[in-house]
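What Swiss-Prot says about this protein:
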| type | residues | note |
| --- | --- | --- |
| BINDING | N7, R18, D209, G230, H231 | 3-amino-2-oxopropyl phosphate binding site |
| ACT_SITE | H43 | active site, proton acceptor |
| BINDING | R45, H50, T113 | 1-deoxy-D-xylulose 5-phosphate binding site |
| ACT_SITE | E83 | active site, proton acceptor |
| SITE | E166 | site 'Transition state stabilizer' |
| ACT_SITE | H208 | active site, proton donor |
Amino acid sequence: MTQLSVNVNKIATLRNSRGGSLPSVLKLSELILDSGAHGITVHPRSDERHITKQDVFELQEFLRTYNEKITKLGISKKEYNIEGEPSERFLDLVLKAKPDQATLVPVKPGEITSDHGFQFADQKTFSTLKPIVEAIRKEGIRVSLFMETDFTFYDQVVALGAERIELYTGPFAHAFDLSEEKGKEIFTDYQRAAIEANKLGLAVNAGHDLDTNNLRVFAKLPYLKEVSIGHRLMAQSLVDGLETTVKSYLKVLSLGNETE
């Protein structure tokens, strides 16, 4: 089954909008995991507008103790995924927090959310990423790169030593919002990308604006290892509750190729 990692940035955004400690990122992360999610994702930006450095390390400690408890019961370990730009700031954070996975994402100044994958046509991209990826891998941390469906440069991901790609699903989700037919049309690009990535030995993650509607289609993606979902999951939880929402996402993912 495709793994679900829940991005908790929006919880931190709500907390920071008022100040103080409510809602609690830790308590709601625990509820998310207790509801069946396979991991927690954070994207700590340099301006700390949602997830802060303190959050990163508090979640690290929380997951350590949570995993100690559940593994004794025979339950599989929950993963910690930290996303961020390839910078010295982010590298330092990752090497100290030691997550299970570090997802490197290109960041533009002033952007509200990630909206594009790495472009290897620019040779600076490879040279910037190489030392970052090597330093993270040296610590035994899995590396994933945020990519689009153009698989021309997937061999560069392999050359860097990254083990996974995370497909940017914004274009698919936005097409699906217009109509399911349009979503299915663009979904073929993701199918080809996943197949080519697998041929190169890369595992495939995906994320951005996925929800229980468009996942009925996207969960069919070949070789889909993990989805990272935040904004739309949190939006749905305002209506249905967090536990119910997480379980509904897990149900759609579990159907996989059984969905139409």
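Every residue gets a Cβ built from N, Cα and C, even glycine.
Positions of the features from Swiss-Prot, shown on the structure.
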residue	record	DSSP (3 states)
N7	3-amino-2-oxopropyl phosphate binding site	strand
R18	3-amino-2-oxopropyl phosphate binding site	helix
H43	active site, proton acceptor	coil
H50	1-deoxy-D-xylulose 5-phosphate binding site	coil
E83	active site, proton acceptor	strand
H208	active site, proton donor	coil
G230	3-amino-2-oxopropyl phosphate binding site	coil
- Message: Can you give me the Cα-Cα distance between H43 (active site, proton acceptor) and E83 (active site, proton acceptor) in Å, rounded to a whole number?
- Response: 5
- Anything within 10 Å of R45 (1-deoxy-D-xylulose 5-phosphate binding site)? Look among the recorded positions N7, E166, H208, D209, G230, H231, comparing CA atoms, and list what you find. none
- Item | For 3-amino-2-oxopropyl phosphate: widest Cα to Cα gap among N7, R18, D209, G230, H231 in Å | 25
- Rounded to the nearest angstrom, how far is the Cα of E83 (active site, proton acceptor) from the Cα of R18 (3-amino-2-oxopropyl phosphate binding site)? 25
- Other CB atoms within 10 A, centred on H50 (1-deoxy-D-xylulose 5-phosphate binding site): 23
- Query: Among the recorded positions H43, R45, H208, whose Cβ has the fewest other Cβ atoms within 10 Å?
  - Reply: R45
- Tell me, if you would, which residue among E83, E166, D209 (recorded positions) has the fewest other CB atoms within 10 Å in the structure shown? D209
- List, in sequence order, those recorded positions among H50, E83, E166, H208 whose Cα sits within 10 Å of the Cα of H231 (3-amino-2-oxopropyl phosphate binding site). H208
- Based on Cα distances to D209 (3-amino-2-oxopropyl phosphate binding site), point out the closest of the recorded positions H50, E83, E166. E166
- Same-chain residues at least 6 apart in sequence whose Cβ lies under 8 Å from G230 (3-amino-2-oxopropyl phosphate binding site): V6, N7, V8, N9, K10, T41
- Note on the structure: One should report the C-alpha separation between the residue listed as 'active site, proton donor' and H50 (1-deoxy-D-xylulose 5-phosphate binding site), rounded to whole angstrom, as 17
- Task: Look at the binding-site residues R18, H231 and tell me which residue has the greatest number of other C-beta atoms within 10 angstroms of its C-beta.
- Result: H231
- Note on the structure: Rounding to whole Å, the Cα atoms of E166 (site 'Transition state stabilizer') and H50 (1-deoxy-D-xylulose 5-phosphate binding site) are apart by 22
- Item | Cα-Cα distance linking H50 (1-deoxy-D-xylulose 5-phosphate binding site) and E83 (active site, proton acceptor), given in Å to the nearest integer | 13
